[in-house]
Amino acid sequence: MLLELARWLQQLESLFGLFNYLTFRGILAALTALFLSLWMGPAVIRKLAQFKGGQPIRQDGPQTHFSKAGTPTMGGSLILLTVTLSVLLWGDLRNRYVWLVLAVMICFGAIGWYDDWIKIVKRDPNGLKSRWKYLLQSIFGLAAGLFLYYTADVPAAITFYIPMFKSIALPLAGVSFVVIAYFWIVGFSNAVNLTDGLDGLAIMPTVLVACALGVFAYASGNVVFAEYLKIPLIPGAGELIIICSAIAGAGLGFLWFNTYPAMVFMGDIGALSLGAVLGTIAVIVRQEMVLVIMGGVFVIETLSVMIQVASFKLTGKRVFRMAPIHHHFELKGWPEPRVIVRFWIISVVLVLIGLATLKVR
């Protein structure tokens with residue numbers, strides 16, 4: 001929105017040419033989302049607190065979690081609102097990728113909102129039935145994959161790349177591309193949701209991964225950097241740095257209220273939407289495998305649940321004291337802040353490894 005105004009004003013004053021720089025607008029997007037979150041946060045939390053009941057607490061979970069009963073949830077609505085406003089202000093609204101990612105965020109956020117609404121207002125701790133949740137996720141995930149396939153304007157946009165082996169490029173047919181897009185979008189949507197079980201545990205890795213994906217998006221949209229780093233050149237992908245920056249800013253603003261002990265929880269509205277956005281951006285910039293590395297905390301949390309369920313069904317025994325795995329460490333006696341910070345440290349290391357693949361040929 002403001003970019004179009006700046007382009008018109010540039011004819012009168014060259015200073016407005018700054019808005020043509022992605023990095024400049026990315027910084028503004030992050031700061032806008034951050035300050036909006038800090039400003040609107042208290043009012044949003046007060047409004048959410050009016051829904052008596054708060055986040056349902058697992059009865060078989062750690063005893064320390066019972067003190068969290070009544071804490072407002074659906075705080076992810078603050079993230080979605082501030083990200084959307086920031087992107088609309090600073091993004092290039094003629095870019096199809098911007099609209100696609102916003103659509104994915106809103107659609108998956110709507111699923112999460114309805115799930116949270118059932119849990120809180122209707123007092124149903126199970127929320128939206130799993131089959132309906134996965135059906136809606138599948139519809140939106142497949143729709144995003146189909147859109148990306150049929151709007152691809154360069155072969156690189158539908159080619160599968162393996163980090164550190166940049167000479168290997170696997171062209172994807174329609175079905176294979178859409179299937180991969182579906183699994184990454186829906187998979188990471190649910191992975192972030194599973195990780196969101198402790199105060200601030202999910203949002204900080206999300207911020208870190210979003211920042212790193214912003215670097216990949218910027219490089220993928222730049223002819224010089226893409227050629228130098230031997231990564232796929234995706235015209236228009238650079239604009240995604242605005243969304244990544246907005247997520248980083250909004251995420252830090254939300255963490256101000258979500259840090260231990262949390263004043264508000266993200267809820268499914270935030271976790272499902274942010275995970276889907278990370279998956280979508282990774283698919284657009286053709287860095288699916290790098291996302292698996294950088295989002296390793298989300299992957300580990302998901303695998304722990306899958307292993308736990310499979311082991312119990314096959315042998316009747318549990319591998320972990322409780323899944324997802326962050327609860328396992330809690331039940332081993334780790335204080336919640338220790339679990340959170342150590343998972344953050346792991347996330348920092350994994351993101352750095354992911355960024356290192358930019359230079360490894």
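Positions of Cβ are set from backbone N, Cα and C atoms, glycine also.
If you look up Swiss-Prot, you'll see 25-45 (among others) marked as transmembrane segment. Remote same-chain residues near the transmembrane segment (25-45) are listed as 3, 19, 72, 75, 77-79, 81-83, 85-87, 89-91, 214, 218, 241-250, 252-254, 256-257, 263-264 (criterion: CB distance under 8 Å, separation of at least six residues from the stretch ends).
Look at Swiss-Prot and you will find 73-93 (among others) tagged as transmembrane segment.
Beyond its flanks by at least six residues, the transmembrane segment (98-118) meets 73-74, 76-77, 80, 83-84, 87, 91-92, 124, 126-128, 133, 136-137, 140, 144, 147-148, 185, 189, 193, 239-240, 242-243, 267-277, 280-281, 284 of its own chain at Cβ-Cβ distances under 8 Å. Under the heading transmembrane segment, Swiss-Prot lists 98-118 (among others).
The feature transmembrane segment is assigned by Swiss-Prot to 139-159 (among others).
The transmembrane segment annotation in Swiss-Prot covers 168-188 (among others). For the transmembrane segment (168-188), the list of distant contacts is 104, 134, 137-138, 140-142, 144-146, 148-149, 155-156, 158-162, 275-276, 278-280, 282-283, 288, 291, 295, 298, 302: same-chain residues at least six beyond its ends, Cβ to Cβ under 8 Å.
Cβ atoms under 8 Å from those of the transmembrane segment (200-220) belong to residues 22-23, 26, 192, 226, 229, 231-234, 237-241, 244-245, 247-248, 251-252, 254-255, 258-260, 262, 266, 270-271, 274-275, 277-278, 281-282, 284-287, 290-291, 294-295, 297-298, 326, 339-340, 343-344, 347-348, 351, 354-355, 358 of the same chain, restricted to positions at least 6 beyond its ends. As annotated by Swiss-Prot, transmembrane segment applies to 200-220 (among others), with the evidence given as sequence analysis.
Taken from Swiss-Prot, the feature transmembrane segment covers 237-257 (among others). Long-range neighbours of the transmembrane segment (237-257) within the same chain, counting only residues 6 or more positions beyond its ends whose Cβ lies under 8 Å from a Cβ of the stretch, are 22-23, 25-27, 29-38, 41, 45, 75-76, 78-79, 82-83, 86-87, 90-92, 95, 97-98, 101-102, 200, 203-204, 206-207, 210-211, 213-215, 217-218, 220-222, 263-264, 266, 270, 274, 277, 281, 284-285.
Residues or ranges marked as transmembrane segment by Swiss-Prot on the basis of sequence analysis: 264-284 (among others). Outside the transmembrane segment (264-284), and at least 6 residues removed from its termini, the chain residues within Cβ reach (under 8 Å) are 41, 44-45, 48, 54-55, 71-80, 97, 100-101, 104-109, 111-113, 115-116, 127, 137, 140-141, 144-145, 148, 157, 180-181, 184-193, 195-196, 202-203, 206, 209-210, 213, 217, 234, 237, 240, 243-244, 247, 251, 254, 257-258, 290-291, 295, 298.
For 289-309 (among others), the entry in Swiss-Prot reads transmembrane segment.
The feature transmembrane segment is assigned by Swiss-Prot to 339-359 (among others). Long-range contacts of the transmembrane segment (339-359) within its own chain (CB-CB distance under 8 A, at least 6 residues past either end) are made by residues 163-164, 198-201, 204-205, 208-209, 211-212, 215-216, 219, 229, 231, 260, 290-291, 293-297, 326, 329-330.
Sequence-distant neighbours of the transmembrane segment (289-309) (same chain, 6+ residues past either end, Cβ-Cβ under 8 Å): 161-163, 184, 187-188, 190-192, 194-195, 202, 205, 208-209, 212-213, 216, 275, 278-279, 282, 318-320, 323-326, 328, 343, 346-347, 350-351, 353-355, 357. Within its own chain, the transmembrane segment (73-93) has Cβ neighbours under 8 Å at 1-4, 25-26, 28-30, 32-33, 36-37, 40-41, 44-45, 48, 51, 54-55, 99, 102, 105-106, 109, 112-113, 116-117, 119-120, 239, 242-243, 246-247, 249-251, 253-254, 257-258, 264-271, 273-274, counting only residues six or more beyond its boundaries.
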